[in-house]
Amino acid sequence: MLDTVIQQALNALQLGSYYSLIALGYCLVYGVLLLINFAHGDIFMVGAYIAFFAATFLMGQHALIPPASPVAVKLAFAGFFALLPTFAMAWWLGRKRSHGQALNVNYPAVVGGVFVVFSAAVFYFGQSVSIASGTDKLVVFAVTIPLTMVLTSVVGVFIERVAYKPLRLKGANRLYVVITALMMGIILEYGNLSLLGTSRLSFPTLLPRTVFDVLGAKITITKLSGIAVSFLVFALLQWIVTRTKLGMAMRAVSYDKFAVPLMGIPLDAVIIFTFFLGSSMAGLAGMFYAMNFPVLDPFMGALVGWKAFVAAVVGGIGDIRGAFVGGFLLAFLEVTVAATFSSELRDLISFTILLGILTWKPTGLFGKPKTTKI
């Protein structure tokens, strides 16, 4: 009996680690911009695919760009992987210009040139698997984590720059922003489907198949690492938000984004950093989810993303602690209901209980009611 209870608790911790990491991304973006990024679940999906391609490339199993793909698909892959150095160059030049330094170069030409050069390099070398073939799996695991986080962050920031920023500058109604977010999610899903087809990909094994015994319950090192990483990320995020200047700037924007530029805080940089952080956590969740449930699907982020959003709302969207606790609360409810009643009733009973919590406390467990000065 005890071993069954512990096993279910470990399963809930594993599931909760994914929900919590995704919910933290929802929480960050909403807390700073009052924007619900409904494409966040699909960014989680993109992170899983990025982790797959990075890991299999480093292991020499697949080329970074599928050699048999049509030229248009190869160009799309090359352009995506060239976004990171392009954004880095654009940020560096923009920073110099914002500090009043004269640029002796043509800004669009340099940024465009970086994009073209890196795209060409990735297009040429990315179709070979011989570059990193035979790399140790633990090294692949260690390298894939930052690669996944950074590249997924590029996707998140790109979406913010292309889809959300124009609406924000025009003062668009929130309804239009929500619709745009939903459309971006659909674009990511069907864009993935168009590029990679309907075949499901199997994520490689990166960590040893070691199984630990906890009072009769079993847990693998892969599951344990996912749980540990989620708590580590939460602690790091809490430190960033409360102890660093960027975190203070994020909190300032959440209070009054119109007054922040008057205080010398670069609003655009804070927004980019927020999307960078949120998307990196979604990518990390996608990687560990794919490691434990190794079949990848273009629509895998839809349901998980919605559940993480519900978890963030129940915990108190806008509050980091609430999002983290909400993710684990939802996971424990799902696992308990599935073990006690039936897996078919899991979502019905779990969401009914969560609805009851919101009815009792509409602001969520950690949320605080907003007050308006008159």
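Every residue number used here counts from 1 along the chain in the order it is shown.
Glycine is no exception: its Cβ is also placed from the backbone N, Cα and C atoms.
Just so you know, TrEMBL annotations are computer predictions that nobody has curated.
Taken straight from TrEMBL:
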TRANSMEM  18-36  transmembrane segment
TRANSMEM  43-65  transmembrane segment
TRANSMEM  71-93  transmembrane segment
TRANSMEM  105-126  transmembrane segment
TRANSMEM  138-163  transmembrane segment
TRANSMEM  175-195  transmembrane segment
TRANSMEM  215-237  transmembrane segment
TRANSMEM  258-278  transmembrane segment
TRANSMEM  298-317  transmembrane segment
TRANSMEM  324-342  transmembrane segment
TRANSMEM  348-367  transmembrane segment
Looking at the stretches 43-65, 71-93, 324-342, which one shares the most CB pairs under 8 Å with the transmembrane segment (138-163)?
-> 43-65
Long-range Cβ contacts under 8 Å made by the transmembrane segment (348-367), restricted to residues 6 or more beyond its ends, are 310, 313-319, 321-322, 325-326, 329-330, 333-334, 337, 341
Range from 71-93, 175-195, 215-237, 258-278, 324-342 with most C-beta pairs under 8 A to the transmembrane segment (298-317) | 324-342
Counting only residues at least 6 beyond its ends, the same-chain positions whose CB falls under 8 A of a CB in the transmembrane segment (215-237) are 2-4, 6-7, 9-10, 13-14, 16-18, 20-21, 24, 28, 206-209, 277, 281, 284-285, 288-289, 291-292, 320, 324
Go through the chain and flag residues at least 6 beyond the ends of the transmembrane segment (324-342) whose CB is under 8 A from any CB in it; none is fine as an answer.
-> 4, 8-9, 11-24, 234, 307-308, 310-316, 349-350, 353-354, 364-366
